[in-house]
Every structure is written in structure tokens, then in C-alpha cells.
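Feature annotations, courtesy of TrEMBL:
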- 399-435: region 'Disordered' (REGION)
- 15-39: transmembrane segment (TRANSMEM)
- 85-107: transmembrane segment (TRANSMEM)
- 127-146: transmembrane segment (TRANSMEM)
- 167-186: transmembrane segment (TRANSMEM)
- 198-217: transmembrane segment (TRANSMEM)
- 247-269: transmembrane segment (TRANSMEM)
- 289-309: transmembrane segment (TRANSMEM)
- 329-346: transmembrane segment (TRANSMEM)
- 358-374: transmembrane segment (TRANSMEM)
Amino acid sequence: MAGTNQIEGFGGDPVWIVIVKAVLIFAFLVVLTLFNIWWERRVVARMQHRIGPNRHGPFGLLQSLADGVKLALKEDIVPKAADKLIFVVAPVLSVVPAFLAFAVIPFGPEVNLFGVRTPLQLTDMPVAVLFVLAIASIEIYGIVLAGWSSGSTYSLLGGLRSSAQMISYEVAMGLALVAVFLYAGSMSTSEIVHAQQGGWFAFLLLPSFVIYVIAMVGETNRAPFDLPEAEGELVGGFHTEYSSLKFALFFLAEYINMGTVSALATTLFLGGWRAPWPIGYWDGANEGYFPVLWFLLKVMFFIFLFIWLRGTLPRLRYDQFMHFGWKRLIPIALAWTLLVAAIRAIDREYGFDRNWLIGVAVVLAVLLVVTFLFPERSEEPEPEAAEFDAFANGYPVPPALEGFGTRGPDGPVPSSRAGGAAPDSLTAVRRDKEQ
């Protein structure tokens, strides 16, 4: 139960069942990555009126596998200026946490697996969501070390950008999850899914859902927030100097992280493995292995959202991106968290109609989206001085230097003349002589 050291239904599996679950999760993530790469290329091609990969295997499904083999057979280059040990360890430090985060994601209810009754989840703990956030944060070290150890300015700038943006948007992401913890009464992923039997938190806590979706795109360095890998500015960002399998590990880590944040969003906001309405009215919809199908469909919805954003929106400027995170997203998330905490306290003491919370959530979500539409306030530029026209009198004349006198053919020109103003340029002197 929540608040104890062990969640009910976990911790009693035989060792071989735990190993089987771990292997199945590993295989699932690898296959999911291969499919997501293919699906992204096909969807983006469709958006751009192209065909996309269609040669290797049915519908081109084996194209990702062919690309993986090609990367494995490429030459592994290590720059002379690189710190070789850290250069090799950095990709591993990025990809291992990506696999570990799925240990607490529930795929379904209790099922009969090889004759053993066990939940479709490797493990669970009272602070499972914090475990996911902590493990995901370790990936930052791999990216920063990759940028520093490459001995390249582009890689170092990409690593610094990535660390700054991940830390910035993790704050907003954590604040968005606090409201979920308050209403679920637990940080256990399985109990949060159980708490959504009466309705998804995506509707009840709509601002939290919108903030999380924005933050998860920034957290995974995906377009339009792919600033650490901006090709036009940093060549390839933190993995500019990487090739062969080391580059493949970074590629794998990125797509697994997309799956991780999508699975976490499904678990916390879309009811997890529970069937969507109206399928949930069917008695067998949430039993056996059917919930795995609902879980995968919800995860693929978020993956499609990633692909849609990449094919639609241009990349933000770095200052705009950080300004939005710190000055808009985090204050709104903080205000919403305080509001939910206050409403939760009132609900426990005096009772509170949840319809009011849904109404406030809709209003705040609309305001959050509208903040994208309003341009940032910019200081009015100072009026520019009138441009000097060299052909004002019909022939080219260079501008006079201020503070210096002018000299005519008969010697220095006096600063003032009777019946006229002091000439301040060579043009005025010549005009006076012509008259």
C-alpha cells in the first residue's frame, strides 16, 4: 500500500520471472525504437508529399534494421583531442538510464505468465515516479560528458545547451506531476492508474497535462526544442564527433526516452493500461492481455505527437525557448500546483465539486496555449539618425567630420560669416562660394 516500503502484489515473484520480464522489456524497447524510426520517416514523408522508406521488407519496415547494421559496420572514429575514456563511456551513460526508467511502468493488470500469477510490470515502489525522474536526469551527465570529451567547440556548446534546457524543463515537469500526486494520493505508478478508474487526470488536471506535454518535448530534445542538435548552428550538437555504434547508442537513447515520457504520460494522465471510453464498459476490456493493446495505442498517440511537431513547427531561438520555460511555464505550473493543493485541502475538510476544478483547468489551459500567440514585449528601438545623402546637390560630396573645421581654396574658412549661419559641412562652404 502507499506509504509502506512495499507495494501490494510486488516483490514476491520468482527470480526467473523477474529475468523474463526484464528481457521482454528490453526486447520491447528495441523493437519499439525500430518501429518509431520507420514510422517517423513515413509520417514526415507523407507530410512532405513523399513516399518514405518502402524498399526493405513489407512497407519498408526493415529499413531501420538496415540502418542499424550500416551504423555498426561504419568506421569508429575517435578524435585526437578527445578524452578517450569519457568519450566511450558517455553514450553508455545515456542509454542505460533510458532502459532502467521502464522498470516501474505498468503495462497491464495481473496475468498468468508461464504459470505464475504476476502483474505486467517489472516492479513498483512508493516513489516510482520520482525514480523515473531521477533516472532520466542521469542521462544529462552522458550528454554533457559527450560534449566536453569530444574536444570540439560545437559539441561542448551542444552539451551545455542540453544540460540547461533539461534542467529548466524538469522543474516545470515536476510541478506538473505534483497535482497528480495530490489527487492520486500516491507516487506509485500502479496506484495512480488505479486512482483513474473514475476518470482520466488529463481532463481533471488539464493544465498539468498541457504543461507536462510541453515539458516532455523539451526534455527529450525533440523539435521544435531540438536546440542542442541544431544543424544550422552546431553541426550535430553534442554528438558531432561520434560515429558507428557510439552514435547509434545516442540515437537509441533519444527514441527510448520518447517512449519513456510517452509511457509516463499515459500512466499519469490517460489511465495507463485501462481501456478508453466507451470500450471500458466491456467487462473483459481490462482483463488479460487486452490492456497491453490500450497501453500501446496511447503511447503511440504521444509518439505521433512528437512526429507531428517535428514535421510542422520550426525550431525556436534559444533565448525564446529559455524565456518561455522560466518566465511563463514554471510560474503557471507553480500557480496551478498551489491552486490544486488549496482545492484538495478544502475538499477534504468541507467537500468540493470537481466540476469547478475542471472549469478552472480548462481556462488555465487555454491561457497557457494563448501565451504562445502573444509576441514578447520588446523595447522600442531608438530612432536612427537620418542617412547622409551624398547626391543631395547633384554631385557626390563626402560627409564632414564633426568637430573639425573646413578649409577652402583661400585658406581656412571662418566659423561664421556676416549675414549667414556658421557652415557645418563642406557642402555649405561650396554652396556659399558658388553664390
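Just so it is clear, glycine is given a Cβ too, placed from its N, Cα and C backbone atoms.
Between the transmembrane segment (198-217) and the stretches 15-39, 85-107, 247-269, 289-309, 329-346, the greatest number of Cβ pairs separated by less than 8 Å involves 247-269. The largest share of C-beta pairs under 8 angstroms with the transmembrane segment (85-107) comes from 247-269, of the ranges 167-186, 247-269, 289-309.
Same-chain residues lying 6 or more positions outside the transmembrane segment (247-269) and placing a CB less than 8 Å from one of its CB atoms are 29-30, 32-33, 36-37, 68, 71-72, 91-92, 94-95, 98-99, 101-102, 105-106, 129, 132, 136, 139, 142, 146, 177, 180, 189, 192-193, 200-202, 205, 208-209, 212-213, 216, 219-222, 239, 295, 298-299, 301-303, 306.
With a cut-off of 8 Å between Cβ atoms, the residues of this chain six or more beyond the transmembrane segment (15-39) that come close are 53, 60-61, 63-65, 67-68, 98-99, 102-103, 113-114, 116, 118, 121-123, 252, 255-256, 258-259, 303-304, 307. Sequence-distant contacts of the transmembrane segment (289-309) (same chain, six or more residues past either end, CB-CB distance under 8 Å): 36, 39-40, 43-44, 107-109, 111, 120, 213, 217, 220, 222-224, 258-259, 261-263, 265-266, 270, 272-276, 279.
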